[in-house]
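J.: Just passing along the structure, written as structure tokens.
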2 protein chains.
Amino acid sequence: MDMWLSESQIKDAAMTYKVKETLVRRKTPFQDLAIVDTEAFGRMLLLDGIVQTTINDEYVYHEMITHIPLLTHPNPKKVLVVGGGDGGTIREILKHPSIEKAVLCEIDEIVIEECKKYLPEISCALTDPKCEIFIGDGIKYVHEHKNEFDVVIIDSTDPFGAAEGLFGGSFYKEIYECLTDDGIFVAQTETPFYLPEVVKKVYDDAKAVFPITKLFMAGIPTYPSGYWSFTLGSKKYDPEKANVIDKYDLDTKYYTKRLHSASFVLPKFIEDLTK
Amino acid sequence: MDMWLSESQIKDAAMTYKVKETLVRRKTPFQDLAIVDTEAFGRMLLLDGIVQTTINDEYVYHEMITHIPLLTHPNPKKVLVVGGGDGGTIREILKHPSIEKAVLCEIDEIVIEECKKYLPEISCALTDPKCEIFIGDGIKYVHEHKNEFDVVIIDSTDPFGAAEGLFGGSFYKEIYECLTDDGIFVAQTETPFYLPEVVKKVYDDAKAVFPITKLFMAGIPTYPSGYWSFTLGSKKYDPEKANVIDKYDLDTKYYTKRLHSASFVLPKFIEDLTK
């Protein structure tokens, strides 16, 4: 039997993946979780039928959402990840020697449980003593922690359903207060090819709160269009002017110190969304 | 009836597009040509089942393969395009005021004929008096024209079948001789995510011929992985050091003068292919 998984990426177009095996599929209180083993990308986590991460290309997303803010900040000690139950962002955060504590606030503990079981290459750092796991609502957690984190990373699903409240101005104000005086926030913010209005709204909402707000881009094969945006809001440090060259080296496959600032140089139609 | 087109992008993974209408499908002496109207990307040209260009995202490829070399060269007058029968590259070339002649050397005249009919937004400049169309083999044409072109653009299909001879060291030597003393060559060279060995071979082959050889990248939703490489070989001008900022402005949707040099800053695993 040939089994193919199909993921709608834009109305009337889809990516399909030949599946070797479905490792787990279960309804959680929040979503429909599946981990499947695909021929082309290895094991893959899906939530509500949307590809979240795959063994073969996860490094791009996790490196870029982490190292851009953590190397922009001169001395990040405490970092909060909202979402990110697969653990890939925590793994990248803990590569930074200054980190004292990395908090993972994930609403769905079954994501963590199944990723620990089936995606150990990604979830491996969740048992690190510097990682603190909090199961609960990210909006509530951020509200209850003021002036505490050097970096807050929103590693969420798409802005529909469970994660909807993680995109928008009122939440960004709470993040601003959750950050220390020179703190930095970053979020995954969809592809400007397919959802320019979402990219623009998130950018405008963040810009209304943070003195420095910028978009950066990365190539991610299993995400819609293959070209993904992240939005960064900063109280003090400009990520394009950060002196990353003199900082410690990291073991990476995608991020480089030269790419750090180059990833903020946007194609015209994306630059136009930030005007 | 729901009609879906499926394009294999990597072994065991495919993109599928809902089709409104098949506008033309015919066997040419060289390939299987189809132009279909899709819901998600508008009209789309396929050769041997591989997506070549679509109305909705063609601008990225055509702008980047053209404006990077033409703005690196201080005064390009004569440009040769090998392949590119859809006409999109010619359209972009003719935006440059210094151009006196743009030659299109396309082996398959049926591509030109059908693109003129069904993709006028892309093929519109093929009737421009500065455009000279030559139907025939690009390898032979390049061999017979020495020291003639300021820029040569290889706008080919993938390096299998008809276009195989357009990738490789012996052809790059011929291109070198076809160029003027300060000429520049550029080619589309696949995605390093799926075909790193092809990207590396093309780069190494070009580097053995050209004193300055560099890769640059662009995000293209309908090309495999969505993140595409181009290889540039130059006799004299370094594209990263070219003073493009002071040059004339172009009407573009993707290319910008800041993106010009930033597109050469590579993710680590791609940079490693150039070492």
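Cβ coordinates are placed from backbone N, Cα and C, and glycine is handled just like the others.
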J.: What does TrEMBL list, out of A:GLU58, A:GLU106, A:GLU109, as binding the same S-methyl-5'-thioadenosine as A:GLN31, A:ASP137, A:GLY138?
T.: A:GLU106
J.: Considering the spermidine binding residues A:HIS62, A:ASP155, A:SER156, A:THR157, A:ASP158 given in TrEMBL, which of A:ASP86, A:ASP181 is annotated for that site as well?
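T.: Site partner of A:HIS62, A:ASP155, A:SER156, A:THR157, A:ASP158 for spermidine, according to TrEMBL: A:ASP86.
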J.: If you count the C-beta atoms lying within 10 Å of each candidate's C-beta, which of the binding-site residues A:HIS62, A:ASP86, A:GLU106, A:ASP155, A:THR157 ends up with the smallest number?
T.: A:THR157
J.: Using DSSP reduced to three states, classify A:ASP155 (spermidine binding site) as helix, strand or coil.
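T.: Looking at the DSSP assignment, A:ASP155 (spermidine binding site) belongs to a strand.
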J.: When you measure from the Cβ of A:ASP158 (spermidine binding site), which residues in the chain that are at least 6 apart have a Cβ under 8 Å away?
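T.: Listed in sequence order, they are A:ILE50, A:GLU190.
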J.: Need this for a regression test: binding-site residues A:GLN31, A:GLU106, A:ASP137, filtered to those with Cα within 10 Å of A:SER156 (spermidine binding site). What's left?
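T.: So the list is A:GLU106.
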J.: Find the average pLDDT over the domain 'PABS' (A:2-235) in the predicted model and report it.
T.: 96
J.: Quick one: of the binding-site residues A:GLN31, A:GLU106, A:ASP137, A:GLY138, which has its CA closest to the CA of A:HIS62 (spermidine binding site)?
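T.: Nearest in space to A:HIS62 (spermidine binding site), counting only the binding-site residues, is A:GLU106.
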J.: So, three-state DSSP: helix, strand or coil for A:GLU106 (S-methyl-5'-thioadenosine binding site)?
T.: strand
